[in-house]
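Trainee: For reference, TrEMBL lists these features for the protein:
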type	residues	note
DOMAIN	A:17-440	domain 'DUF112'
TRANSMEM	A:20-46	transmembrane segment
TRANSMEM	A:58-81	transmembrane segment
TRANSMEM	A:111-137	transmembrane segment
TRANSMEM	A:144-160	transmembrane segment
TRANSMEM	A:166-185	transmembrane segment
TRANSMEM	A:197-217	transmembrane segment
TRANSMEM	A:320-344	transmembrane segment
TRANSMEM	A:356-379	transmembrane segment
TRANSMEM	A:391-409	transmembrane segment
TRANSMEM	A:415-444	transmembrane segment
TRANSMEM	A:465-486	transmembrane segment
Amino acid sequence: MDDFLTALVQIFAVSTLLYMLVGSVAGIIAAAIPGFTVTMAIVLTLPLTFTMEPLQGVAVMLSVYVGGLTGGLISAALLGIPGTPSSVATTFDAFPMARKGDPGRALSLGVWASFFGTLISTLFLVVAAPPLAVFAVKLGPWEYFSLIVFALTIVASLVGDSVIRGLLAGLIGLAISTVGADPILGRPRFDFGIEMLETGLPFLVVLIGIFAISQLLSEVENARTVRSGAKLVTDAIDFKTWKVMKEVLMSPVNLIRSSVVGVLIGALPGAGGSISNLVAYDQAKRASKTPEMFGTGTPDGVIASEAGNSATAGGGLIPLIGLGIPGSAVDAILMASLMVHGISVGPRLITDHGDLVYGMFIAMAVASFMMLIVSVLSMRLFLRVAEVPKWLIVPTVLTCCVVGSFALNNRVTDLYLLGIVGLVGYALRTLGYSLAPLVLGVILGPIAETNLRRALMTDSDPTQFLTRPISLIFLIAAVLSIGWAIRSHLKTNKMNGVKDANAS
Amino acid sequence: MNNTDENHSLEAGEITRFLSYVAILAASVALYFSAEHIPSSRFEVLGAAAFPRFVFAAIFLIAVIAIVDSLRKIPGHAWGRFGSEVQHWLKTRYLVIVCFVVFAAYLLLVPILGFSIASFAFVFGLQMILMPRKPLTLLVAVLVALVFSFGLNALFAEFFNVFLPRGEFLNG
């Protein structure tokens, strides 16, 4: 109870609320810009939180996250371009609805569905994370190592369109994490006498280079779109805020089902908002009495997609708080922000830093209310954001990336590293390697290595990984996840082959 | 882009991926053997070199599978067109190359000119390259460059106590 009250006081401090408000606005604005992902917004927020208290910093990042999950709907509804990958399914119905002359309703539907989706996922988080942590505390290094293997394989096999490249990306991430001093004895590794490599590759610099720089470079691939700013709806928009709220609440089954889909997918390592919005949309369509209306501007489609993607926020925090395993790149950044403050994230987080965990629960709820208020009051202003041209976005965000990379260690050499990592990230992105497994590999590498070596220091028999039941279950699940992904991949290839044959 | 062009481009993409697998494979072999120089420990079974070796061995294995899979997908005649496809790709991505070169120059100039001056030159210069040049956009570009160079520097120094590089140019 003391922890809860301490957290409550910290979150409801005026300065925290103000920072969260700024974070919420920044998240919505960032995600409203096509090509500017939620992950990128959070990466750029991280350096700004270094000087804050740990809970304050995480609360700000959560408000950027929650705001960002909603902001993507602006360009999805009005331009038909998903502002972020997590709002792809939103375009299916919100855009036709806007085209039919009801853009305000499309936006309001999305905002309310996002709000309820986040609240429902927070509820799940509060209920599920503590018992998971109690269970996780009992896990030994054998189980932990196997769990990380499982998390990495499932991320590698679920994200992107190639299992092989996903696995390679995850392994490259692990390889990057081995540069610098080893985590147990501090022996130097792979520094090749280069001073900048002696302390290892800083996670934040790798993250900014891999995600932000590569994304920004890919934004200027098409010279024609760089110079233009797309025009949004120019007529007056009626948001019908309260009428739409009732409309959303009148679809409780769709709302709850889509939120639960979002929570479950968010809790699964590797699968985030970019998958949940599509799955929730698909489930809503299957369950609908009028599935033929989906894709023509039906409110159920918008509700399903937006509730589904917003609910992943709470779902993703369940394994992070309960197990210390980030399920997505965004959760990895949240974990990194706590690590910067010297807080080790693992199952003992709840017992050692109860106030922080309760604070994260409260921050999620507060962030969802803030997102709602900010969206309802200032949606008209945010509509202009999607008009910001790329020629303005690219140079300014690149400068922010430089500041973010420098601020962590005040080292100029980190900037050179940023350039190199950014170029490698762009090459990998262009070649179709998914970047999320790579980032998770970088952050999970030292944890995996420490647990592997601890396990064998405790008992030198390596068969313990297979004879301890929970460890075995995780390893079997890892093999199954790869097998399942390869099977679906082959199935898709076969279907494409049949289609091609029919076409020719 | 018609269907044939698209197929040629996909084949060239697969060849590039194949080359990336070969590069990854070569790097994994080299790093696996360079791990031999990492000092071992008397206190534990594995030592500091074991985990990297596991990782590089796994990369080697997956890269071999990837190479075999990729070779299966590349038709024999695609190799002959690869050079011209790469040239075409580089031509269509000229803005990416220009942006990266300007960005790399900016990173190198930050410690010399200092954050504010280098950032102003970078933001303004890159906007000039990317934007449609009209009087209004020019004014916007100058203002944005000022905010994201001198403004950002002041913000970080005043509010976050983070002092961005002043530069040898100003110090000297």
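Heads up, residue numbers simply count up from 1 along the chain you see.
Glycine residues also receive a Cβ, built from the backbone N, Cα and C atoms like all the rest.
TrEMBL entries are annotated by machine, without manual review.
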Trainee: Between the transmembrane segment (A:391-409) and the transmembrane segment (A:197-217), do 3 or more CB pairs sit under 8 angstroms, pairs being 6 or more residues apart?
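Mentor: Contact criterion met.
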Trainee: Considering pairs 6 or more residues apart, do the transmembrane segment (A:391-409) and the transmembrane segment (A:58-81) have at least three CB pairs under 8 Å?
Mentor: no
Trainee: I'd like to know if the transmembrane segment (A:465-486) touches the transmembrane segment (A:320-344) in this structure, counting it as a touch only when three or more C-beta pairs sit under 8 Å and are separated by 6 or more positions.
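Mentor: Contact criterion not met.
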Trainee: Of the listed stretches A:111-137, A:144-160, A:356-379, A:465-486, which one has the most C-beta pairs under 8 A with the transmembrane segment (A:20-46)?
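Mentor: Answer is A:356-379, with the largest number of Cβ pairs below 8 Å.
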Trainee: Please identify the stretch among A:111-137, A:144-160, A:356-379 with the greatest number of Cβ pairs below 8 Å relative to the transmembrane segment (A:465-486).
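Mentor: Stretch with the highest Cβ contact count: A:144-160.
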Trainee: Report, as numbers and ranges, every residue of the chain located at least six residues beyond the transmembrane segment (A:111-137) whose Cβ falls under 8 Å of a Cβ in that stretch; write 'none' if there are none.
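Mentor: For the transmembrane segment (A:111-137), the nonlocal Cβ contacts are 66, 69-70, 73, 244-245, 248-249, 255-256, 258-260, 262-263, 266-267, 302-315, 317-319, 321-324, 346-351, 357, 361, 364-365, 367-369, 371-372, 375-376, 379.
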